[in-house]
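All remarks here apply to the structure that follows.
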């Protein structure tokens, strides 16, 4: 459906193909996605409730609480629509506005998470490199301002990218070969071969991926330099506090870089859907497990919550 005809944007409707090539596995996929989704929600809600019920919240727990909220919203934006498409309850069709809103929320929440991981790396930097000044530097006010800046930054970049994508002319085919309105899948429908229209995506990748990665690497270079000056026992103890953050960072940025930092010509629907399954279903499930297993503060808070119950 061409944008230049009499049809308005509101009347334009996309069709999410999802896993239409795997119809014989529809029931199995639905059950797997549903179980993973429920476990993900339960894990993030448990961490959120445990941190909220803790009267004294150090900065790391404060950031983990925000990360859990972002992951909750992140999965709720994508997974319910994918589940509906698998059971065929009018889940495959999505309006022009609905697609734009889904893309905006997905990019905004993912961007907020990118910036939040930078704030968490700064927290680790101050804790290890400036331990005597940690309490004064990482004050409650600074943590709150950092969290707000992360959210506002993610939502601002997402707004610019979404507006740029949905101002493009779309071709006759409005079938999105994906299970949600991801940026590369929607860009693939645009009736243009010019690379100029990929510049907003490139700019968003620089702001949400490359710049945060450089800041996180800078923090860990400083941390590594500081750890070289301490004993092996202190080095292991200090580095163990960074393991969970490093694991989450590698998962998040690894999948996002694979999907978004590449030219439009290399777009592969089947490959993108498989990688998208990982970062929309598996990584949100792993985050609570990583932090609950590797973070001593989280384990202590969870034990307190279970004792109260």
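For all residues, glycine too, the Cβ spot is worked out from N, Cα and C.
Curation plays no part in TrEMBL annotations; they are all automatic predictions.
Copied from TrEMBL, the annotated features are:
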TRANSMEM  23-49  transmembrane segment
DOMAIN    43-291  domain 'G-protein coupled receptors family 1 profile'
TRANSMEM  61-83  transmembrane segment
TRANSMEM  103-122  transmembrane segment
TRANSMEM  142-166  transmembrane segment
TRANSMEM  201-230  transmembrane segment
TRANSMEM  242-262  transmembrane segment
TRANSMEM  274-293  transmembrane segment
Going along the chain, which residues at least six beyond the ends of the transmembrane segment (274-293) come within the CB cut-off of under 8 Å? 33, 36-37, 39-40, 43-44, 46-47, 64, 67-68, 71, 74-75, 78-79, 178-180, 182, 244, 247-248, 251-252, 255-256, 258-259, 299, 302
Quick one: average pLDDT across the domain 'G-protein coupled receptors family 1 profile' (43-291), no decimals. 85
Let me spell it out: take the transmembrane segment (23-49), skip the flanking residues so only those 6+ beyond its ends count, and list any with a Cβ under 8 Å from a Cβ in it. 64-65, 68-69, 71-72, 75, 79-80, 82-83, 86-87, 281-282, 284-285, 287-289, 291-292, 298, 302, 305
